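Look at Swiss-Prot and you will find Cys147, Cys150, Cys204, Cys207 tagged as Zn(2+) 1 binding site, backed by sequence analysis. Look at Swiss-Prot and you will find Cys164, Cys167, Cys190, Cys193 tagged as Zn(2+) 2 binding site, backed by sequence analysis. Swiss-Prot lists 5-69 with the feature domain 'J', giving sequence analysis as the kind of evidence. As annotated by Swiss-Prot, repeat 'CXXCXGXG motif' applies to 147-154, 164-171, 190-197, 204-211. Under the heading zinc finger, Swiss-Prot lists 134-216.
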Amino acid sequence: MAKRDYYEVLGISKSASADEIKKAYRKLSKQYHPDINKEAGADEKFKEISEAYEALSDPQKRAQYDQYGHVDPNQGFGGGGAGGGFGGGGFSGFEDIFDTFFGGGGRQQDPNAPRQGSDLQYTMRLKFKEAIFGKDAEIEIPREENCDTCHGSGAKPGTTPEKCSHCGGKGSINVEQNTPFGRVVNKRTCQYCNGTGKEIKEKCPTCHGKGRVTKTKKIKVKVPAGVNDGQQMRVSGEGEAGINGGPNGDLYVVFVVIPDEFFEREADDIYVEVPITFVQATLGDEIDVPTVHGKVRLKIPSGTQTGTTFRLRGKGVPHLRGNGTGDQHVIVKVIVPKKLDDKQKEILREFASTTGDKVDEQTSGFFDKMKRAFKGD
């Protein structure tokens, strides 16, 4: 069955803008999404809409579609005939074709050139205070290393890899292909040696010709003081082994910090909420406040309101790059007693009568604003 025109599928003109394409796709995708539309054929319709949007939303793909329609110019025309040798797939796009015409095919990397090993990632969980003060840790990671038996060659000891007879040691082969521009030659990775340019007749009994084995490596890591959740640290040269004598890759340690039940962290500052009694808030007091650095005495002035914040300078998180420490912010929460005996109630009534039981000007202003909000003023 022939494919419908992509513009027709989305119900737009060929001169439609990118915004018009996106708007049409959103409307149709909501209408035919399988989770919403249970009608027969809705699923296929949704796939057709998605395919059309994928082609028309990308400027390069759209230009290609406008010129060739549903015919893929990368597939050639007419095939290769017997013995044509057209294995290895089509072109990756116009870039490959122009590379072949203008010498870009020479970009093929030397298969025997040294290459850096792959990078690795390790997730380390830290307690709240471990992230603040740092720690020395030892981790174990599985990684690819050169085989000790064959020293990375992949060949049985006493033998050496031979030059690939299919690519002549180049690691690539030339493939002829028909294109809209004519018959061209393109380079492809040799499928017989996987681009290494070598053939191993007798494989190493340890690594079975791979030249590499997986080992578990213990690595000592120094976690710096002040790291935060989601940050990562690079450990140079502790990734996988390089290829053809190339350098090792790097290891990236990603930190996941376990939240604390009392302390909260924002950047290099720490926030805590401390309860005080009604009497302490009214008359003032000195209280002990826990910090990550130890206990600190904090003076509570008389008349302190709930939500008042006090700053303890230098009691936060050490700056990761050095030069200073953050602060700790203490947020006071005044606790009102829930149960009072008769004597306590009488004392409070007497207190209320002497003060007129009125809120202060600041609080009164708040209630005035609230009344206006209810009235819609």
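The backbone N, Cα and C atoms fix where each Cβ goes, and this holds for glycine too.
Since the structure is predicted, the reported quantities are computational estimates derived from the model, not experimental observations.
Feature map: annotations from Swiss-Prot on the structure.
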{"residue": "Cys147", "record": "Zn(2+) 1 binding site", "CB count, 10 Å": "21"}
{"residue": "Cys150", "record": "Zn(2+) 1 binding site", "CB count, 10 Å": "25"}
{"residue": "Cys164", "record": "Zn(2+) 2 binding site", "CB count, 10 Å": "22"}
{"residue": "Cys167", "record": "Zn(2+) 2 binding site", "CB count, 10 Å": "24"}
{"residue": "Cys190", "record": "Zn(2+) 2 binding site", "CB count, 10 Å": "22"}
{"residue": "Cys193", "record": "Zn(2+) 2 binding site", "CB count, 10 Å": "24"}
{"residue": "Cys204", "record": "Zn(2+) 1 binding site", "CB count, 10 Å": "22"}
{"residue": "Cys207", "record": "Zn(2+) 1 binding site", "CB count, 10 Å": "20"}
Of 147-154, 164-171, 190-197, whichever stretch has the most CB pairs under 8 A to the repeat 'CXXCXGXG motif' (204-211): 147-154
Helix, strand and coil residues within the repeat 'CXXCXGXG motif' (190-197) as assigned by DSSP: 0 helix, 0 strand, 8 coil
Mean of the pLDDT scores, which run from 0 to 100, over the repeat 'CXXCXGXG motif' (147-154): 91
Beyond the flanks of the repeat 'CXXCXGXG motif' (190-197) by 6 or more, those residues with Cβ under 8 Å of it: 87-88, 111-112, 163-167, 169-173
Neighbours of Cys147, Cys150, Cys204, Cys207 excl. site residues, C-beta within 8 Å of centre, Zn(2+) 1: Asp148, Thr149, His151, Gly152, Ser153, Gly154, Ala155, Lys203, Pro205, Thr206, His208, Gly209, Lys210, Gly211, Arg212, Val213
For the repeat 'CXXCXGXG motif' (204-211), the number of residues DSSP places in helix, strand and coil: 0 helix, 0 strand, 8 coil
Chain-mates of Cys164, Cys167, Cys190, Cys193 with C-beta within 8 Å of site centroid, Zn(2+) 2: Pro111, Ser165, His166, Gly168, Gly169, Lys170, Gly171, Ser172, Ile173, Tyr192, Asn194, Gly195, Thr196, Gly197, Lys198, Glu199
Using Cα positions only, nearest of the binding-site residues to Cys147 (Zn(2+) 1 binding site) (Cys164, Cys167, Cys190, Cys193): Cys193
The repeat 'CXXCXGXG motif' (164-171): DSSP-derived helix, strand, coil residue counts: 0 helix, 0 strand, 8 coil
Cα-Cα distance linking Cys167 (Zn(2+) 2 binding site) and Cys150 (Zn(2+) 1 binding site), given in Å to the nearest integer: 24
